[in-house]
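Annotated in Swiss-Prot:
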- G166, A167, S168, I232: NADP(+) binding site (BINDING)
Amino acid sequence: MSAKIIDGKQVAQTIRNQVAAQVQQRLAQGKRAPGLAVILVGVDPASQVYVGSKRRACEEVGFISRSYDLDATASQEELLALIDKLNEDADVDGILVQLPLPAHCDTTQVLERIRPDKDVDGFHPYNVGRLAQRIPALRPCTPKGIMTLIEATGVKTHGLHAVVVGASNIVGRPMTLELLLAGCTTTTCHRFTQDLEDQVRRADLLVVAVGKPNFIPGEWIKPGALVIDVGINRLADGSLVGDVEFETARNHASFITPVPGGVGPMTVASLMENTLSACQDYHDNAQ
């Protein structure tokens, strides 16, 4: 068996095209373009790359993109004041604070300061809570994008045994909630899990998000499983690999995401969807 490769770039492009078409429709109706404010604190190289891709995606779909690049020494108070200002700006539908923040910043306080109806990253406790209660509003972008990829395979999720490896607030925990909502029997593995191999071998649907290169041996993959690899790790030779041993895993799985070109593009595409949704669902009537 050789797995079908899930082309995240292609699926993401389809989503961006759909968003762009809806933006053009809005403009034709005399409505404004959705607006996204992106805040970057400091000069972390990886964060700069991610922010750049988000800003380019905004331009591609026709959003108004606003950039706020703060010095690494910017105080918590300065950052909160900027968020307060953007919360009240009627032309801003989404506010994104690029993580990680410098050590002196209180990330929880920052994320909670963003109005839930402008929380297009889906990290505010209100939005995570809605997902947990099966009434999702603005959903965390990476898990949302993963669900879109799974839907693109045509695989029916009801009754599948899903295993999530990694329990971060950004991916693992909300991913577990998404899979429960999709009808899976879901297991979440983390650093205290003692029988990781046994859990992985039982997975009909495996999502791995730990940030460790080739952490899951390909031999562990259940024959016919659907494998979603969220990790993106740079090796000493400069090559990029995921958290799953790809070449071996693809001989066991039915579907697998590549690294790069799998989950990454979907995160940005989901951000575009969320920003459009925030504009249409929450802010159009407030104009």
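A Cβ is built for glycine as well, from the same backbone N, Cα and C atoms used for every other residue.
From a predicted model like this one, the values you see are computed outputs, not experimental measurements.
Overlay of Swiss-Prot annotations on the structure.
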residue: G166; record: NADP(+) binding site; contacts (Cβ under 8 Å, 6+ apart): G172, C189, H190, V207, V208, A209, V210, G211, V230, D243
residue: A167; record: NADP(+) binding site; contacts (Cβ under 8 Å, 6+ apart): R173, T176, T188, C189, H190
residue: S168; record: NADP(+) binding site; contacts (Cβ under 8 Å, 6+ apart): A209
residue: I232; record: NADP(+) binding site; contacts (Cβ under 8 Å, 6+ apart): L240, G242, V259, P260, G264
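Once the Cα atoms of G166, A167, S168, I232, the listed binders of NADP(+), are compared pairwise, the greatest separation found is 16 Å.
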